[in-house]
Every structure is written in C-alpha cells, then in structure tokens.
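Undergrad: Sharing a structure with you now.
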Amino acid sequence: MVTINDLHYSDPIDEDNIINMRIPLYDLEVDDQFINHNVPDLKAFQVFPNVWVVPERYTFYSTMKNLDAPANPSRSSYYDPTYLQSDAEKEVFLQQMILLFKRINSTQEGQQFLNLLSRSIPVPYESNGDVAMGTTQVIKQMDDKGNVLKHRRAHIIIYGPGPDLMAKGSKALTKSRETGRGCMAEIYFSPMYHKTYSTKLTNKNSLVDKSVQEFVPDPAVTLIHELCHGLHALYGIDLGNVGSWEFNSNPNSLFSSWFSSKEAVNFEEVMTFGGEDVKVIKSEIDKKIPGILNLIKTTVEPIINKITDPHDEMLQCLQSKYPSLKGTLGQFFFDDTQLEKDIRDLWMVMNETMFAENLKALTRARYLVPKVENIVQVDILSPNVYTIDKGFNHLSKGFKGQSVSQSYFRKISALARGAVVRACPNPHFSSQRGLSSCIEILEDDLFIMSSKDSFTDTDFSEPSVGPVSYKAKKGADTILDSTLSNYDFSKEINFTSTVPIITVEDPLETDEDVPVISEDRTVYVDDYTTFHFLEAQKIGKEVVPTQTKVVFTTNMEEALFDSKKVYTVFENTASRINEAGTGIANGMMFYQWLKGIVQDFTEEATQKDTFDKISDVTMIVPYLGNILNIGNDIRKGDFMGAVELGGVTILLEAIPELTLPVLIGLTIIEDELEKEQVSQTVYNVLDKRDEKWEEVYGFVKQQWWWMVHTQFETRILHAYQALNHQVEAIKANMTYQLANYRGNQEDKELLEKAIDDTLQSLYYAVDQAMHNIKRFLIQSSKSYLLNQMLPKTKEQLLAFDQQTLRNVNDFINKNQGVLGESLAKDLKKKVEKRLTSLPVFNLEDLPISEFEDLIHSHEIDIQDSEVLNIGVNNGKIQDLSGENTPLTLGENLHIVNGRDNQAVRLNNQLDSKLEIQSRPNIHFTAFEDFSISIWIRCSMLRNNRNRGQKYTIIQQFNKYGWQLAIQDSVFVWTLHDTFNNQIQLTSGSALTNKNYLLQNFWLHITVTNKRSEKSRLYINGVLQDQKDISVLGNCHPKEPILFSIQDNSDPNYFVRFEQFNVYRKALTDSEVNRLYWKYFEGSYLRDVWGERLTYNRDYYMQLSTLPGRGIKREYRTWSGFDYIILSELGTQKIPTHEVTYPKLYQGQKITIHSDGKNLEPHVKSNKNIRLKIDDFYIGVVNPFKLPEWRPESGAYVVTTYNHAEDLCLYFRTRSSSQSLYYGQLIMNDGRNKSLLNYTLKGSTYWIWSSAWYYENYNTSSKTAGNWYFIPVDEGWKED
C-alpha cells in the first residue's frame, strides 16, 4: 500500500519530500511567446514517491499567463485572479490534494493504481554503455540561489488550475509520447471548483434517489481521469494523436444549424473516461495494439539488458512496471500475450468510470454529456462534507450527498452563458405558419453528431498476404482485470534522491490546446422546429407566478407567442388546472385539486403503448412526437402512425451521411512457395478476411454511436426538458392559487407543504416517464443500426468476399502443380465453406449494457429503495440502511436473542420505547408511495382485560399519521389523514384453536401503500387485506416513529422485533414475497417459534400431525429396553379467549448434540445430529425382535439402552417447511433411508424409523414425519 505523506505548506524544505523545483519546461530553448521564463522556482511536495504537488497556478505558457477573464470566455468558465495566491490558500490546496489521494488509496484498486504511478518510470536512455534517465524525464531540485542541486524523479506533477478555475487537464511533456518510452506528465487541477451534471445520464441511474436531479462529481474520480492520462504518458501509450471525432458544423448550412459545434473528442479522452464509449473504439484499439507492443519491446529490451546490477533501482522499477518481462539479468524478454493483456488493462480498465464504480460515486455515463448545468464551489476538508471512505456520500444513500442541493455546495455564476443560436423567420419566405418572432437556443441544447470527416480517412487496405504464420487479433477474448493481479508491488523499492541523467535529443511538447469558442449566430427558418415546441412549453420570463395565472393550451402557436400560456399535450392535466377558478375556497378543496393534478399528470406522462410494427421496438411513448415536433410532417398529431409509416428514421433530426468502407479483395504475394507455404498462405487469407469483417463492423459501430445514437440521446434530454417545463408551469399555477387562497389563512403553511409534496410527486412521475422514453428511444437507436446501417455494410463485405474468393482461387490454380490436384480441390472447398460462413455482428461489442440498464432500470431493487433499517449490529440498536438516522432509546429497552441474530425487546412499561427521529428521507408526502416491513414476535396474551382491546406497537402519529396495532391477536394497520379520514386493514380472523401459534411466533409483517390506489397488508408474504386509500390526504406528521406498547393492560406483556424497514416505494406482490423468502436463504433449521435450532439446548418434540403429544422415554419389562413413545394428549386454555389448544410443553425434553465434526452453534439442514433424553442417547432396534411386531425391511423402533454407545444413532436433519418451522429426521442404515415418525399399535404411539415412509411421504407437509422442536420461552406460559 502506498503511504501518503502528511505535509504542510509551512513545513521547511527538507531536500527530500519538500524541495525547490524548477518547472520542467523552463530551460526549453524557445522564446517567451511560449514559455513564461519569469516563473520562479517553486515549492514542491512529494505526496508519495515520484508524485509531486505544487500549490501554484498553472501559468507557464503564453496562453495561460494572464489570470484575468478573456473578452470572450467559454461557457461554464470561472476566473478569479486572486485564487491560490496566499500561503493559507496554498495550504488548503495541498491538504485537499492529500485527502483525495488518501481516498483513492482506500480501495485495493486505488492502491494498485497509485503504485503504478509511483513505480512506472519512463524507459531510460543508453549512451556509451551507460543507462540513465534523460533530461526530459526528471525535474531539477534547486537551491535558494538558483543552482541545480540534483535531478529528481517526477512521474506526475500536479499544479493548481490555470486562468480558468473550471478547466482541468494534463500534458505529456514530450512529443514522443506514443513511442513506448514514456515521459513525465503535468496536471492542472482544482479540488474546490466543479461542474455539475443532470442525473438523467449517469453511471448508476437506477440507484439515484429521485430527489437528486443534478449532481457534483467526486473530485477524487475527476482527479483519477487526469492521472490516467499521466499513466498513459509514463508508459508511452498515449492515444492523443491516434484518432478523434470532429463536431464542427457549417454555420452557413440550415441542416447543421441544429447541431452543436464542439471541441473534437480524441480516443485518448474516451479511453481515460471509460464507460460504454470504450466499446465503440475497441476495433481501433485492436489495430493499435501490435504497433504499441512492438514499440515497447524494441524500446525496453535493449535498455534493460544493458543493466548489470541485479539491485539496480531502474531494473527493479522496470520489472515492476512490466510484469510480462521474463528471463534473467542480461537476457530479459517479453511474454507477448501477457504484455498485451497488461496494456489492454491500462487502456480499458484504468479509467474514470471504473474508479467511480470502485469508489461508489456518481459520474457521467458518457464522456460527451451535452450540457453542464452549473458550477459550484465546495470545501472538501470539512469532515461533515467529504470523507476518505465515502466521499460526499458518507451520510446518505442514493447519492444524495452529491446532490447540488446540499448546503455545502455553493453555486457560483459563470462568466459566459454559452453561444446562442437565434432562430428567426425567413424574411424571403411568406410562411403560412405564422412565424413572427425569433427564439434563442443555447448551443448546448442543440443536437450532437460527429461530422463525416471523422470517418472518411479510415484506411481499410491491407498488404499482400504471405505464408508467414499469422496471429489474428483476439482482443475480444481478453479478460480485463481491474485489480491488476498480475502486478506484484510487495517488494519495496527505495528510490534514491539523486538520479543519473543523460542529455538526449527528446524534444519537449510545445503544442497547446486552444479551446473552441462557439460564436452566437442567427439562422432563418421556414417552419417550426423541436426548439419552437420546447420554447412554447416555457413560462415567459416576465410572468410573476403570484400575480399571473398561467394557462395551459394544446395549441403550440398560441403558447409560443403568448408568455402567459404554456403548450401541453396532457389534456386532463390542462383541464384540471385551467378550470380552477382564481382563489380556492378552503383547504380540503385545495388539497383535492393538488391530488387531482398529481393523478392526472402521472397517468398522462407515464402512458405507453405496445408496438409491433418494428420488431426491435417493443413499446412506444405516444405523446413524444407532439411535445418535440417529431413526425408532424408525416402524420400531424399521430406520432404512432408517423413511426409506422416512416420507421425509426423519423426520430433523427438529420439522417447522417454515412461513410461506406472502401474494400478491395485481399491480395496474395507472387513468390514461389512450397506446398506447406501455399496452404498456410490460404489459411492466413481466411483469417485476415474474418478480421476484416470485424474491423468493418467496428467502423460501423463507431459511426452509429457518434452520428446516430448521439441524436437519440439528445432527444432523451429534450424530452426531459419538456416534462420539466410542464412541471414548472404547474408549479407556477400552484403558487398563483396559494397567493389567492380565499380560505382560512392559517391553512397556508400546511398548503405550502402540500405544494412541496405535490412537486415531489410530479418529479417522480417525470422520472417514471423518462424510463419509458429512454427505453423507446434506445431501442429505436439500436433498430436503426441493425436495420438501416448494417445491411448496406454487409453488401460491401459480401462484394469484398467475392473478390477475395477469386483471388484465392487464382492463387490455388497457379500453385496446383505444387499442391497436387487433390489438395487443391480440398483447399478450394475449405475456402468456399469459410467464405459462406459470415462472421456474426457481435452485439456484445455494442454498449448493450446501457440498453439493458435503461430498459430494466424501472425495476428498482428492493434494497435500493430502502431508506430505513432498524436492527441490532454488534450489540447496538442502530439504523443499518446507511442513512444513520438518529435514535432515542428508552432505559427499559433490551437486546435479546432474535430470529437470526439479535432482536429488540419492548416491555409494557413507559420507559421501554424507541424513537426514530423524523428526517426528510422517511417523511413522505401526501402523494408518495411507501412500504414498511418488520419481523415481530408478540408474547401470549394472559390478561382477560385485554380481550377486545386494541393496543399500539408502532406509530408515527399526532392527530394524524399511521399505526400498527394488535387486537385479539389480529394485526391492525391504520392510516389517518389531516381531514380526519381513516382506513384500517386487519390480518384476518381472531385467535382460534387452529391458529393459536400466531402468538409468540416470529411473523413477517409488510404493509404497502400506493397512494393513488390501495394499501395492502401481508403476513409472511401472503396478502391479508387491502383497501382503497386514494381518497386520503396527508398521513405523515413530522413526529418520530415510536416503538412503544400502549393501551395494553397486561404488565408482563412484551414484544420482540428485528429488521424494521421503510421503503420509498409501494412494493409489488412479488417483491413482498421475495422480501419474506430472502430471510430463508440460509439452510438453518428453526424451532417452533422461528428461531434457529441450537446445539446443546433443551427442546420438547412434537409431530405436526399429533400436536399436544410430546416424546418421552418409557421402560418395557418384557423386552428390557427403554423405548421412545408419545405422551398422552395435553391441552391448555388461552386465558383471554375461548380457545383450547394442544399443549406445547408436553413429554420430556431432549437435547440436540452434534456429530463432533461441526463447530457452528446452530443446526443446519443435512447435518448429522444426536438426540439425548434423560442423559441417554437415542438409538434403534429391529422391530422383529419384539413379539408383537412383524418384520419389515428398513424399519426400526426407537429406543435407548443404558449409556451404551453402540445403539447411538446419527440422524440427518432436513428442513421441511420455511413457514411452519418444522423439520425431518432421516436415518440411513447403509441400505435404506428411513424417516422418523410414529405408528399406533394397541394404545401406544411408538416412535419408529420407516423406509416406506421416507419413500412415500418425505416431501409431504402432512406426513407424520414432520417434527416441531419446542424450547421453553418466556413469551409462552403453560400450567
């Protein structure tokens, strides 16, 4: 594990970890137009070996000298010339960087990554037999007079930000960054200033809490992105010049007016970001691999084999850097397969997305996110804000710690709004559409599509194929390793403080990246666009919601030119809002109006329809075309009809001009060859042909991803904008009605809360709607690839195959004399067969996981919606959900043995209580669905005064709220709203002689509440009762959730509970069932109450078919044996009910012992046990030895015999039921398995072991072989 040094800016220079450093480019022989030669030597801090932090602004180049804001700043930029100028600020910067490195170092993957950065020295140079570092691979340590003291290793140097505080970047300090040699890298970075993004395109969309609409990335993850660039520079595998996608559009073209002009995205950026984008460039990586491997081998092997000292520092570093090096001193060589795997790991695994997963942080799903929402400032040094183990998310689940709404994020105003496109009516065209004014569109809201130029230069030509054995690329088969298990960092390397150097010709990088600044522009249109429809859904900027009622209209043109009107496609929602007169008369009416809005909007926004016209698209969102102006030119107002006619192509803003690969059939060398060489050449051609198909497939995927799928993603974001515009307009109306409320003014505070609740419900509906929209659009994108793009490409490939076939046949014919006629025919058959077998278009190479994640993300896992989990952990009662909810514990609250581990015991006393403090996460709105579940065990009622009395166990109540109570052993769930309306659910009939075990038995209670439908009560996963609750109002006071027994007259009554959970959703029937059964995933046997069966504990035993009769030991004089029989029937009356039940504590106690091979305290199914009664082990005898028995194969009578061990029997246990908690005991005599049960002979119930029973009844719930194990428990009393 790397040790992160704790350093402070005020610490004196120690010539070790704190030095005076000269910037690496200072001595570059160029004029001041490029390098700022006025930069003094800087104080540098080595936070871990070879990684340095310099708390200074990055101002060393001509374009970065001036810290003032430029005249035309880019969007989302922020300038502050005073930042990082004082020693105090430099100390803060240093501590922030140390904290981020400690966070990265907190996981195994992070430790490996930092080890790589520390040990991966650039490959040294050789001069006159000496091996040393080049001058461009080290930094100069200076004295206070400006003299060079020594040269030091520096792999990564991290500075503060340049002039733009929002800009983060890295720079490889040599032009030969792709040569396999490697070089140091500089990073400029700010841990304090961050851009924010919408949660709609994230790496963990389904896990994000619905309240999080916008998030701030974890700065540790952002730093890792830049460090990955540095790692590539150290290995000399930087892909910065390999390829890129251009997004510059022609501003004079109307077609390109709706597409953004963005900076080019190069392959290196995609690799260091990771995620799904990497899959799309995999074919490019496959092509690059052979050249990179060759460069590394030809660079490293000659150098490392010049080193003669086995203890040499550079030798140790190179061996650590390249675990694929094999051999001994002076004779090192690379294992090609392992080297390829290691390089693929560095490219494909070490990236921002992987580390975001590793650190459990939210990040973008795509590198090319269309829009930065805001910029924020945050102090991560506060432990209440950011921690080493969890970053921002240390106090909450659902990534709420990264929500921009958190108080510790301070929004700051960017200097630029970004470029604007003004869409104005064409002055030379008399439009009948009524276009009369301009609208403004932000550049960042435009569609994104890579230009055709990004793909036109791709070269698919191949050199002539020869007989040299050819190794096909197998990159797709490589298993990537995020833990870098092939690397061994256990051996310490003591880095020397002085590095020998050689002056070499290795020019430093002098190119600078100049950001693309988009300019404002005007375009002239003849018809309405998507952006006009979006504009029509916005409220006018001049509208004051408290003074003006916003009217909803289904006429887009009317809304576009009237700021007080908003266009909508949701007619029911519009009617409900528009028909409400100004000033609602009373609180109940206002509340019902709000509730109706939620119901109408949710129903209309989440609508979807099945779709069978296109095989790849299974559902459609019918209103999508009308809110985004899609398909109106084909079937106005009929989006489904338009898609049926035009296919998914109509969803594109522009049909891209795709580049078809230019393919020429493979050619073959003309040399004279021997028979084996001719055959090998033919096989090489076939392998090369398959590889060419894969290469072209990859090319098609790239074009689809960057020219087609980006348009579908923009549609997704436009849909999200439209739905949010609808919510904002509804919010304005609610504000207007509240300002003009005519009822009791004291109600206003409650109505404000109700409006907040309504907004949360509306945003939840938007989220549900977006799941449908994403599913539809992503399926459509995939359909376009498979049905529009792929067939055209296959035509090219088939023509390529035909030409290749002719070339191969010509080659075979020319060499028939060498091959012989028979072998020539055989080769031709193999060629024809191979070329008729088409390589499959591999969907796994698509970002297919994105499709599956988005399609199924509405199926949120139960655990992901959990917001509270009260249980016992290490002897402490606490919230186990990760939310750390504050608890108040009464003095008479006890921790006892529970169903699985430990439980909480409530006594019927005032100081026996548990309060769960209310917080937003468990305080639901009047419209939010929620569920609760709990394992609970209530002791037997023994006081007659409790008959008919309802007593409460759990509640969140203060004049209104919810309660879980018991009445005559029946569970009662109550919801009571603020208007004094209530509903009650019950768990069934009262106690009878059949369900007497409902008392003192562990039961799983679940209540689900779907506010627009029903509340449902379940016991052990089975539905007991359900009622409509759509008419109820708010049932959630801000009171704590209280566990306390109230209104019970029995002072000895108590309740045990564990696993009290609250979920922010209404669990479905299947989820309730799954939640119950997941508690039985272990193989433990359970006693009659539901707790784990325990070794060395006393139990009564009864058969489930003969309750009230326990086993006992009885001596029979005529045989001289003690036998195990069933006792007489015992009964008991429950004091509080007219119920007589079979006694449980009947017969004699037995003790369970293990077979001596088991160390666990609890009994598992399929384990061997021994049973002891009266200090005698239970055994068996053959029944034919007894006079009144007939011989029967595989049958034994159970007995005991003094203390003799020869009759001791090992029974194998088996769990028979998970709901009634009984088990079976099986004996194996070596020939037959027999089941322990009973048989009635005369008046005696004999216990015996029968093979016939096992064969016929071993799976029946009614068999006489199912045994209850009954421990004495204080919750169950018998006379």
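For all residues, glycine too, the Cβ spot is worked out from N, Cα and C.
Keep in mind it's a predicted model, so treat the numbers as computed, not measured.
Sharing the features that Swiss-Prot gives for it:
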BINDING   His225, His229, Glu269  Zn(2+) binding site
ACT_SITE  Glu226  active site
REGION    435-843  region 'Translocation domain (TD)'
REGION    476-525  region 'Belt'
REGION    860-1080  region 'N-terminus of receptor binding domain (N-RBD)'
REGION    1081-1279  region 'C-terminus of receptor binding domain (C-RBD)'
MOTIF     1250-1253  motif 'Host ganglioside-binding motif'
Undergrad: Rounded to an integer, what is the Cα-Cα distance in Å between Glu269 (Zn(2+) binding site) and Glu226 (active site)?
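TA: One finds 10 Å between the Cα atoms of these residues.
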Undergrad: Using all protein chains in view, find how many other C-beta atoms are within 10 Å of the C-beta of His225 (Zn(2+) binding site).
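TA: Around His225 (Zn(2+) binding site), other Cβ atoms within 10 Å: 25.
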Undergrad: Could you say which of the recorded positions Glu226, Glu269 has its Cβ with the most other Cβ atoms inside 10 Å?
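TA: Checking each of Glu226, Glu269, the winner is Glu226.
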Undergrad: Might you list, by sequence position, any residue in that chain lying six or more from His229 (Zn(2+) binding site) with a Cβ less than 8 Å away from its Cβ?
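TA: Spatial neighbours, sequence-distant, of His229 (Zn(2+) binding site): Ser170, Ala172, Ala185, Ile187, Asp238, Glu268, Thr272.
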Undergrad: Starting from the Zn(2+) site formed by His225, His229, Glu269, give every other residue of that chain whose CB sits within 8 Å of the mean position of their CB atoms, in sequence order.
TA: Ser170, Glu226, Cys228, Glu268, Met271, Thr272, Phe273, Glu352
Undergrad: Along the region 'C-terminus of receptor binding domain (C-RBD)' (1081-1279), what average pLDDT does this model show?
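TA: Value for the region 'C-terminus of receptor binding domain (C-RBD)' (1081-1279), mean pLDDT as a whole number: 76.
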